[in-house]
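Per TrEMBL, the features are:
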{"type": "TRANSMEM", "residues": "7-28", "note": "transmembrane segment"}
{"type": "DOMAIN", "residues": "23-287", "note": "domain 'NADH:quinone oxidoreductase/Mrp antiporter transmembrane'"}
{"type": "TRANSMEM", "residues": "60-80", "note": "transmembrane segment"}
{"type": "TRANSMEM", "residues": "92-115", "note": "transmembrane segment"}
{"type": "TRANSMEM", "residues": "152-170", "note": "transmembrane segment"}
{"type": "TRANSMEM", "residues": "177-195", "note": "transmembrane segment"}
{"type": "TRANSMEM", "residues": "201-220", "note": "transmembrane segment"}
{"type": "TRANSMEM", "residues": "232-253", "note": "transmembrane segment"}
{"type": "TRANSMEM", "residues": "273-293", "note": "transmembrane segment"}
{"type": "DOMAIN", "residues": "289-342", "note": "domain 'NADH dehydrogenase subunit 2 C-terminal'"}
{"type": "TRANSMEM", "residues": "323-346", "note": "transmembrane segment"}
Amino acid sequence: MNPYIMAFLYLCLILGTTITVSSSHWLLAWMGLEINTLAIIPLMAQNHHPRATEAATKYFLTQATAAATLLFASITNAWLTGQWDIKLMTHPIPTTMILLALSLKVGLAPLHTWLPEVLQGLDLLTGLILSTWQKLAPFSLLLQIPAYSQDLLILMGLASTLVGGWGGLNQTQLRKILAYSSIAHLGWMLIIIQFSPSLTLLALITYLVMTTSTFLILNFNNSKSINALATSWAKAPLMTAMTPILLLSLGGLPPMTGFMPKWLILQELTKQQLPMTAVIAALTALLSLYFYLRLSYAMTLTITPNNLAGTTLWRLSPSHPSLILSSATLTAILLLPLTPAMTALLNL
C-alpha cells in the first residue's frame, strides 16, 4: 500500500477515536466510531488474500449493525427524554440497546462470534490494532453510560470470561487464542465497570500493554500456530525465555503485572457483597490460564533434545527487537510492585 495512503488511514484511526473519546453528544460519538471503522477496513484488506477480504467483510457487517443499533438507540433516547448527552441517559430501553451495540463493537459475549474469525484472517500487526486501539472508543462510551442494568453487565461480563476461557482451549491458531484472550479480559472489565470505573481503566491499560507485547513478539517470530512456537528458540533465545513469563502475566499469575487488575477486581467485588461473582470470575480465569500454559509449554519445553512439534530452522543472525517491543514486554511483566502508586494515581 502507498505510504501516504497508509499514513492517512492511521491518522483517520486516531481522529475517529479522539472524536469519540472527547465527545459528549451521541451523534459526534457515532461519527467518530464510523470514521474508525472505515479507516481500518482498507488496512484489513491490504494483503489481497481471500481470508483477509472475508475478515474485512465480516468486520464491516458487524460494525455496521452495531453502529445502526447505536444510532437508533440514541435517536430513541432523544425522542423519549429530549437529551442527546451521553451522561444523561435516563431511559432503560435505549441504555440497554446502546450497551448491547457497544458490546457487539468490542466483541463481548454473547455477541463475540465475529472476533476470532476476523482476527484469524488478519496479519499480526493489523490484529494488534484491532485488539488494542479499536477497543478504546467503545470503552470510553461504556465508561460514560449510567449503569441501570447492573445484573445484565455482570451476566455479560461473566459470560465473556467463561467464553474467553472455554473457546481458547481447543485452538491451535495463535490469533484465535489471542481473540478469546481478548474476550476474557474485556469480560473482567465489564464486571467491575459499574462499581469502579477507574479500576476498569487500570485493567484496560494493563490489557493493552500485555496484548501489544504478545502481538509484537509473535510478529517478530513470525509465529501463527502453536507448532511454529516450538522453533522460536532458534530465532531469539532470550525472547523465548521471556515470552512464557509474559503469557503467565496474561493469565493473571503473581508476581507479574497481569495479577494486579484481577486481584483488585476480586477485592472490589468482595467489598460490593458479590462473593459468588468473584468466585465464578476467578474460576473462569483458570480456563484461560490453561491455554497460556499450553503456549508456554510449546515454547520452552519442546526444544531439543525433546521431540519437536515443528521443523527446526536454521539459526540465522536475528534482527534486533524494537524499543517498543522490549519496553512493552518489561512493563507487562514487572509492574506489580507499583500497584500502590497506580491505585493512588487512579484514586482507587
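Cβ coordinates are placed from backbone N, Cα and C, and glycine is handled just like the others.
The transmembrane segment (232-253) makes no contact with the transmembrane segment (60-80), as judged by fewer than three Cβ pairs under 8 Å among residues 6 or more apart in sequence.
Here the transmembrane segment (60-80) has long-range neighbours at 26-27, 30, 33-34, 37, 41, 89, 91, 93-95, 97-98, 100-102, 104-105, 114, 118, meaning same-chain residues at least 6 beyond its ends whose C-beta is under 8 angstroms from one of its own. Within the same chain, the transmembrane segment (152-170) stays apart from the transmembrane segment (201-220): fewer than three Cβ pairs sit under 8 Å, each pair at least 6 residues apart. Between the transmembrane segment (323-346) and the transmembrane segment (92-115) there are fewer than 3 Cβ pairs closer than 8 Å, counting only residues 6 or more apart in sequence, so the two stretches are not in contact. In summary, the transmembrane segment (201-220) lies against the transmembrane segment (177-195): three or more C-beta pairs, each 6 or more positions apart in sequence, are under 8 Å.
Residues 33, 58-59, 62-63, 65-67, 69-70, 72-74, 76-77, 80, 134-135, 138-139, 141-142, 145-146, 148-149, 152-153, 156-157, 159-160, 162-164, 179, 182-183, 186-187, 190 of the same chain, all 6+ positions outside the transmembrane segment (92-115), place their C-beta atoms under 8 angstroms from a C-beta of that stretch.
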